[in-house]
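Q: Okay, here's the structure, questions in a sec.
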Amino acid sequence: MSDNSYVDTSYSSASIDALRERIAQAVNDVRKQTPLAQSFTNFVTINLVANAQLAAGGTAAMSFLPDDIVDTAEIAGSNYINVGTLLPFYKEALPQIAYKLHKNGKTWVLDPVAAGIGKTRTAILESFRTYPPTIVRGNASEIIALDAMWGLAASDSAAPGTRPAGVEAVDEVDAAIEAARRMARHLAKHSPSGKGAVAVSGAVDLVTDGEHTFRLPGGSAMMTKITGAGCSLGGVTATYLAVAEPLVAAVSASLLYNRASEIAERESNGPGSFQVALLDALWNVTAEQVATSEIIED
Ligand SMILES: Nc1ncnc2c1ncn2[C@@H]1O[C@H](COP(=O)(O)OP(=O)(O)OP(=O)(O)O)[C@@H](O)[C@H]1O
Ligand SMILES: Cc1ncsc1CCO
Ligand SMILES: [Mg+2]
């Protein structure tokens, strides 16, 4: 970094080294501090989310009741909301929870699963615009859909041909870069710390705080053959958010997942054993393996 760099917005190699230190610190701090990240998440993958948070070194608590969540948020380091499976009462509960988390200065991660599908999901996701999460983690299609829903895109720059795609992405990560950057800036404006981040998952993950954008290659295509790889990554991102700032938390969790899934692929023999091996690898991967990962600034 240069001497007059107090407004520096580029990551020199020295800053990437500083980022690596903070990533190693986040991985170690989670393992030392066992922070609680609370989840309101879908019931397809709820068990994998809790187990992945434990394997990363944190602890888990799942809840669906607004007053319970608001009280638990007082003892949790961070929170996670995932809109994968919806029940009628969520339409009232989730906007209320987002408002209370905001009012109480609590950080949270949103996984906007299947954004763009169904009036109820759209109403819930739209309501988060005013009281947004600290981090949004989703696949490219979900980030593009949420950006459009929040009206963050200039009307002429909306990605043409983008459509909702169920819980799987139909868009490449690159198509979501501008949406992700705009969204990160929106999150930062409303965040308790003035900082926010967006993580777009795919073959090469992309993480941005609106100013800096990093590509994180690697991982395993076997991640798409188990359900909940993305959901549990969201939960683990919340675990890291309990000990680190949003950009560091999002990068650390994505790198942890990439390194762990590479180990799991080598040690497994199909989706069933892959899921088990992934939990083992989340537990065993070292802070150094995570922090020395390839990080490409865009
Ligand atoms: N082709 C791929 N190669 C390597 N890693 C991948 C690939 N596709 C996804 N991943 C990894 O899988 C994890 C989940 O990302 P994905 O984009 O599949 O999330 P998602 O679509 O929200 O998943 P789900 O909703 O099924 O939980 C991330 O760690 C991502 O890096
Ligand atoms: C399969 C599925 N359906 C709703 S949520 C979910 C988990 C992956 O997002
Ligand atoms: Mg998903």
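Glycine too: its Cβ is placed from the backbone N, Cα and C atoms.
Heads up, here are the entries from TrEMBL:
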BINDING   M62, G228  substrate binding site
BINDING   R137, S201  ATP binding site
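Could you give the neighbours, burial and distances for every feature on this list?
A: A 10 Å cutoff on Cβ-Cβ distances gives G228 (substrate binding site) a total of 25 other Cβ atoms nearby, all chains included. In three-state terms derived from DSSP, G228 (substrate binding site) belongs to neither a helical nor a strand segment and is classed as coil.
In three-state terms derived from DSSP, R137 (ATP binding site) belongs to an extended strand segment. Residues within less than 8 Å, Cβ to Cβ, of R137 (ATP binding site) and separated from it by at least 6 positions along the same chain comprise V109, L110, D111, V198, A199, S201, G230, L233, G234, T237, A250, A253.
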Q: For M62 (substrate binding site), which residues in the same chain are close in space, meaning a Cβ under 8 Å from its Cβ, but six or more apart along the sequence?
A: Q38, S39, F40, T41, I46, V49, A50
